[in-house]
Amino acid sequence: MDQATTFAKALLKNSNNPKLAWLLFKRTLSSPIPSSSDLRLRSVPILARILIGAKMDPEIDCLHQLLLGSEPAEAAHACVVSLVRVLAKLGLPDKAVSQFKALRSRFPDKLPSVFLYNLLLESSVRVRNVDFVLWLYRDMIVSGVEPETYTFNLLIGALCDSGHLEDAREMFDKMHEKGCVPNEFSVGILVRGYCRAGLGDQALELLDEKKSDILPNRVVYNTLISSFCKEGRTDEAERLAERMRASNMFPDVVTFNSRISALCNSGQILEASRIFRDMHIDEYLGLPKPNIITYNLMLEGFCKEGMLEEAKSLFESMKENCDFVKLESYNIWLLALIRNGKLLEARLLLKEMVDGGMEPSICTYNIMMDGLCKNGMLSDARMVMGLMISSGISPDTVTYTTLLHGYCQRGKVFEANKVLQEMMMNNCVPNTHTCNILLHSLWKEGRTSEAEELLQKMNERGYGIDTVTCNIVINGLCNNGKLDKAIEIVSGMWTHGRAALGHLGNSFIGLVDDSNNGKRCRPDLITYTTIISALCKAGKLDEAKKKFVEMIGKKLHPDSVIYDTFIHSFCKEGKITSAFRVLKDMEKKGCNKSLQTYNSLILGLGGKNQIFEIYGLLDEMKERGVSPDVCTYNNMISCLCEVGRIKDATSLLDDMLQKGISPNMRSFKILIKAFCKACEFEDVQEVFEIALSVCGHKEALYSLMFNEFFAGGEVLKAKEIFKAALDRNLHVGTFLYKDLIDKLCKDEKLEEASGIIYYMIDKGYRFDPASFMPVIDGLGKKGNKHEADLFAERMMEMASEGSVKDKVYRYDKDIKHRNSRKSGGSDWQTIVHRNDGSGIALKTLIRVQKGWGRESVSSSQPRHKEFLDYWEAND
């Protein structure tokens, strides 16, 4: 065995000890061995693979320098070429091209082989480094090395992948000039480039142009068929399939899978289903039989379109044949169940997989966890993660991010932070998306100091602060009233990139560097949308306009969201002319009116009582296929009620119900207030009944009806509504029942007023003791000292019980002919100590406190029952 072979074996034995292998090679290189040239040449590829595997970059560079400077020159050249080949083959084009350039400089007269150029081109194309590709081609031409057809195929592919289709076509056309004949792969690469860019017609033109010279293969046809199907041009796809058959090239299963995939992606599931069905009847039509990919494509297509019954039927049929159901099939069906909220069925499917011996993948567990987290079932998601770990699968970034997002969505930021810490403890590196989710939640919860701390960690640990991160900070500042600081950051991003966050405050000084990477972090459309929206909300429309102009100057094109922001702000301020001026510019820029646009315009026109114009907008919405929502109808109802057309507003309510659009509380609030203002109390009762059937028996509805009836002088009806609310044990904190009691007492209906108080006590309510005072005053004035004492004693007991449930305060602006009174706190002591000339309430309390006329509470029960019976009888 020669020395070169022995040394090569020694290096291989030390593959697990790369440092020792490196020392052995350096020692041998410096020793005067007669066959050292052959030894080096045979050992360089082995050593290079060992060093690359150990990621010993400095040693690789050193090896290159040692070889380049070694003697004899012929051996040095061969060794460096060998090293360059290994680097290119193992996916290190940066080092390979760099060392090739050094080789060309050191040995300018030694021409590299076309094989080496092709190898370097192939490696550079793989990582899409167009600069390397172009340099290599230029060097190849300058050195006089004649390219091959394969060389041109690599160049055309690189140009297509980088979007330079015209250059790719020019390169294709020049192949003959360089003595190379395009082959079917040349055509296929260019056709694929055209199709990926959505230029199927140009691809077909190329095919027709070269049909006499080059016969296309199945791949070319499949690519074109798939492209036409994606564009919805099924007729052209069918003609291409017929053209294949005419060329004695029958479409295979790949052809049909391409068509089915494209049809499913474009929503043409029924057409895809027809082709799938035809493939099963191959004995009559001569079509290829569907394979597992075909089944999965159809299963995914049904699931995407929400056709769960069809998907389930197909999945069950797949399970009958073991060849047609794999882990991917289960994952597709599991994802469909999760997305449609069928969590129980999803759990059963997971159990079925495990019981059937099919091991779920990390993708399976992540799908399950995502569904549980989105439905707030975080403890269940934790259990799934535990099951995953016990099955020997380590959670990945997606797993932790899903769980973290679930906690953030529920406002559980503390738990989310713990997930991030757990993630890092388990050596799972968070990505920028993970941190951005938590950062957004911290800003949303107003925990700015924790947000700053997280931002600091993101920068220190190199998670990458991107434009999304900056947008989260800017949005948080806007929502926290620090608009000026947010604007300052946006301006800074253009010059300093992410380092603009350093202007947040003292704690952020030096937080991020302004390296070249940071400068790539630029404001985008979302950045300006956030700032402009915040300025509009603050009423700073002139400043918002300036930011809009700045955005245009930075080559950022506005979308309908920004235009809608301006339109809404102008309409809200009653500047209809300005709103329509913005609308004109919006349509000029090719942005269509959205539902938000129409709602804003209807709101603005409603403020000017321009009913005719509003109905014109509704007709336009119908023509353009824009369906109104509850906001549209509410704006219309409000406008009609303002001009007294309440009946028309009611017909809109009927229209909503017929169209399946559920009215909300605002819809009924507008109508109830309008009817009560017009004193049409019979009609309002009908609206109230509809509201109860739509919205349910909510406190807000009863409170609104009670307060409006009472304000309109319908005291008896107000009392009925209040009693109904008490019977349903509703919270009565927004009811003006103290005013009702006061009104009854002033009208000398003391028994009715007392009945209200006793009924509330009987139902277990605790309320402001001040509610007793009008009754105590009234009884005292009538000389009913004993009854006044009983009420005063109950009032003192309630006051001594501490915190008061269902406290109610007078809402003066909605009640007519009432004395103004300041709201806030329990006002019973203020009323007791008031100086109204009689002082009867205070005197009564003093008598009670001294024990005069004191009786047990139980002794008042007969009278209590008497009041309740009286109230029941008068309802």
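Placement of Cβ uses the backbone N, Cα and C atoms for every residue, glycine included.
So that you can see what the record holds, here are the features copied from TrEMBL:
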type	residues	note
REPEAT	113-147	repeat 'PPR'
REPEAT	148-182	repeat 'PPR'
REPEAT	252-286	repeat 'PPR'
REPEAT	291-321	repeat 'PPR'
REPEAT	361-395	repeat 'PPR'
REPEAT	396-430	repeat 'PPR'
REPEAT	431-465	repeat 'PPR'
REPEAT	466-500	repeat 'PPR'
REPEAT	524-558	repeat 'PPR'
REPEAT	559-593	repeat 'PPR'
REPEAT	594-628	repeat 'PPR'
REPEAT	629-663	repeat 'PPR'
Do you know the mean pLDDT across the repeat 'PPR' (291-321)? 91
Can you count helix, strand and coil residues in the repeat 'PPR' (466-500) using DSSP? 31 helix, 0 strand, 4 coil
Can you work out which residues elsewhere in the same chain, 6+ from the ends of the repeat 'PPR' (466-500), have a Cβ less than 8 Å from its Cβ atoms? 432-433, 435-436, 439-440, 443-444, 446, 448, 451, 455, 458, 512-514, 517-524, 526-528, 530-531, 533-535, 538, 547, 554
Against which stretches of its own chain does the repeat 'PPR' (291-321) lie, if we need a Cβ under 8 Å and a gap of at least six residues from its ends? 253, 256-257, 260-261, 263-264, 267, 269, 272-273, 276, 279, 328-329, 332-333, 335-336, 339-340
May I have the DSSP-based helix, strand and coil counts for the residues of the repeat 'PPR' (252-286)? 28 helix, 0 strand, 7 coil
